[in-house]
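What Swiss-Prot shows for this protein is this:
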type: BINDING; residues: Cys287, Cys290, Cys296, Cys307; note: [4Fe-4S] cluster binding site
type: CROSSLNK; residues: Lys5; note: SUMO2 cross-link
type: CROSSLNK; residues: Lys7; note: SUMO2 cross-link
type: MOD_RES; residues: Ala2; note: N-acetylalanine
Amino acid sequence: MAEVKVKVQPPDADPVEIENRIIELCHQFPHGITDQVIQNEMPHIEAQQRAVAINRLLSMGQLDLLRSNTGLLYRIKDSQNAGKMKGSDNQEKLVYQIIEDAGNKGIWSRDIRYKSNLPLTEINKILKNLESKKLIKAVKSVAASKKKVYMLYNLQPDRSVTGGAWYSDQDFESEFVEVLNQQCFKFLQNKAETARESKQNPMIQRNSSFASSHEVWKYICELGISKVELSMEDIETILNTLIYDGKVEMTIIAAKEGTVGSVDGHMKLYRAVSPIIPPTGLVRAPCGLCPVFDDCHEGGEISPSNCIYMTEWLEF
C-alpha cells in the first residue's frame with residue numbers, strides 16, 4: 001500500500017500581528033525595507049498575506065512606497081505628511097515622496113518619470129494636482145532656464161537652483177557683481193594704505209593690511225548697496241574673483257574657536273596687492289584668448305572688422 005503524504009498547512013497568522021511586525025521593521029530601518037527583508041523576518045507568512053498587510057498599511061497612510069535601484073521600498077510615513085496626503089492614491093503618494101527626497105535642489109519631471117516608472121502624461125497630471133493643493137511648487141533653474149524643477153512648497157530653493165544673490169529672474173546681475181568687486185577691493189586698498197601710513201616696521205604693516213572676510217562682509221552690509229541679503233559665502237566668492245584677477249591675496253590662519261569669522265578653527269584673511277609685472281596688451285585684448293584666432297583674417301567670414309568681441313572690448 002502506497003504511503004500517503006499529508007501536507008501540513010501552517011496556522012493562519014493574525015493580520016494585525018503581521019501589520020504590527022512590518023511597522024516594527026520599518027522603525028528598525030528608517031530608510032526603508034524591501035519585501036525580501038519582510039520575507040526573511042517572517043518566513044512562515046505566505047506572499048499573499050504579506051501583500052494584503054502591506055496594501056492595507058499603504059491605504060491607511062502608515063507606509064510610503066518608494067523605488068530604488070534594488071526595487072520597491074516600504075518606509076514608515078512621516079506623521080506630518082500623512083495628513084497632507086489624505087485622500088491621495090498610491091501613485092500620487094509615490095510622486096510626492098520622490099519630490100520630497102529631492103530636497104531643496106528639486107527634481108525634473110524626467111527624473112520623476114524614471115524613478116516612478118509612471119507614464120509622462122500621468123506624472124504631469126499628478127504634478128498639476130499637487131501644485132493646486134500647494135504641496136509642491138515648480139522653480140526655474142538657472143542651469144537650464146527652459147526646464148523646471150519640483151520641490152516641496154515650503155522649501156527655500158538651493159543656491160544651485162536660483163543662482164543665489166548673483167541672479168534675478170534667471171538673469172546674471174553682472175553690474176551688481178562688478179560694483180561689489182570694486183567696493184571689496186576699495187576696502188582692502190584702504191586697509192593697506194592705512195597700514196603703510198602707520199610707519200610701523202614692514203612685518204607689522206603687512207599683518208595690519210589683512211582683513212577677514214567677516215570684516216569685508218560687514219563693510220558691504222553697512223554700505224547698503226545690496227537689495228538682497230548677502231552671506232559671508234557670497235562675499236568670499238567676490239574676493240575669490242579678485243584673487244584670480246591678481247588684485248588680492250589670501251592667507252589662512254589658526255583662530256580660537258568661537259572667533260567671529262572663523263570656521264573649524266581657521267580664518268581666511270585677505271589683502272590688496274599690486275601686480276609684480278603689468279599684463280601685456282595682448283593678454284588684455286580678446287585676440288589673446290580667441291579660439292578661432294587662426295581663422296581670423298580681413299575679408300574672411302571671421303575678421304577683426306566684424307568681431308563682436310573686439311567691438312565690445314573697444315567700447316569698454
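Placement of Cβ uses the backbone N, Cα and C atoms for every residue, glycine included.
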Compile a sequence-ordered list of residues in the same chain as Cys287 ([4Fe-4S] cluster binding site), six or more apart from it, whose Cβ lies below 8 A from its Cβ; state 'none' when nothing qualifies.
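Result: Phe293, Cys296, Met310.
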Counting across all protein chains shown, how many other Cβ atoms sit within 10 Å of the Cβ of Cys296 ([4Fe-4S] cluster binding site)?
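If we count other Cβ atoms within 10 Å of Cys296 ([4Fe-4S] cluster binding site), we arrive at 16.
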Provide the three-state secondary structure of Cys287 ([4Fe-4S] cluster binding site) computed with DSSP.
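Its secondary structure by DSSP: helix.
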List the other residues in this chain whose Cβ sits within 8 Å of the Cβ centroid of the [4Fe-4S] cluster site residues Cys287, Cys290, Cys296, Cys307, in sequence order.
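Here the non-site neighbours turn out to be Pro286, Val292, Phe293, Ile302, Pro304, Tyr309, Met310.
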Output, ordered by sequence, the same-chain residues six or more apart from Cys290 ([4Fe-4S] cluster binding site) with a CB under 8 Å from its CB, or 'none'.
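Listed in sequence order, they are Cys296, Tyr309.
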Note down the number of other Cβ atoms within 10 Å of the Cβ of Cys307 ([4Fe-4S] cluster binding site), including every protein chain shown.
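Excluding its own Cβ, Cys307 ([4Fe-4S] cluster binding site) sees 17 Cβ atoms within 10 Å.
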